[in-house]
Amino acid sequence: MAADPQKIHPVYDVEAPNHPSAPLVPRSMSKSDAGDPERGVQQQQQQHPPQHTIPVMHSRPPKKRRSCCCRFFCWLISILLILIVAIAITVGILYLVFRPKVPKYSVDELRVTQFDTSDNNSLSATFNLTITARNPNKKIGIYYEGGSHISAWYVDTKLCEGSLPKFYQGHRNTTVLSIPLTGQTQDATGLQSSLQQQLQETGNVPLNLKVNQPVRIKLGKLKLFTIKFRIRCNIVVDNLTANSSIRIQSSSCKFRFRL
């Protein structure tokens with residue numbers, strides 16, 4: 001009886017890891033490139049270029065201090081605009097209610113009681129001015145305060161000076177003021193010769209009057225703060241002889257005020 005032929009069965013190692021078989025050459029690589037591994041790597045780099053990581057810049061949140069400063073300036077500008085608008089509205093209402101008009105002034109008379117030269121070559125001058133002040137306003141009064149100053153000039157030389165009295169000028173009032181001026185000019189030789197030449201050439205003498213007067217305006221029953229009236233008058237007289245009749249040939253006054 002013939003013996004049965006022995007059958008050889010493959011034995012698998014169950015403990016060995018089951019790795020899937022993979023080709024030694026990548027699928028993307030042709031068989032002709034399998035013998036050149038460097039060429040295969042170059043083809044992989046061309047097909048899958050390296051990716052660079054781009055850093056992301058995050059903006060910083062605004063600082064609280066800057067936000068507070070902006071808010072403060074916005075509030076400040078808003079308050080200033082409100083104040084300007086309120087002042088403009090108030091001024092407009094006051095103008096419509098009181099209708100203010102500029103006071104008017106005129107020089108009516110000039111009397112010279114002294115105008116002579118002494119032994120020390122100084123010139124002494126005493127004038128007496130008559131000035132008319134008119135307040136044309138219906139609802140505005142003017143308080144003429146102390147501390148005023150008035151001076152008479154010939155060209156650039158001050159001849160004499162004085163001050164206006166304190167008084168209150170009511171609505172639509174005309175006030176006539178008599179103002180004495182006195183002064184002394186040192187080294188008056190050139191002044192005397194200039195006056196004589198002026199009289200010979202033109203027959204008159206131009207004088208300038210400068211007035212600085214602090215006043216307070218009364219609107220109805222409200223008395224405002226002090227402001228300054230500045231009055232400039234140009235007058236032309238026929239002579240400056242003491243105790244003689246002096247005729248004013250022309251007179252003009254300009255008025256303005258400042259706070």
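Placement of Cβ uses the backbone N, Cα and C atoms for every residue, glycine included.
Here is what TrEMBL says about this protein:
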type	residues	note
COMPBIAS	1-12	compositional bias 'Basic and acidic residues'
REGION	1-62	region 'Disordered'
COMPBIAS	42-51	compositional bias 'Low complexity'
TRANSMEM	72-98	transmembrane segment
DOMAIN	130-234	domain 'Late embryogenesis abundant protein LEA-2 subgroup'
Over the domain 'Late embryogenesis abundant protein LEA-2 subgroup' (130-234), what does the predicted model average in pLDDT?
94
Work out, from DSSP, the number of helix, strand and coil residues along the domain 'Late embryogenesis abundant protein LEA-2 subgroup' (130-234).
14 helix, 67 strand, 24 coil
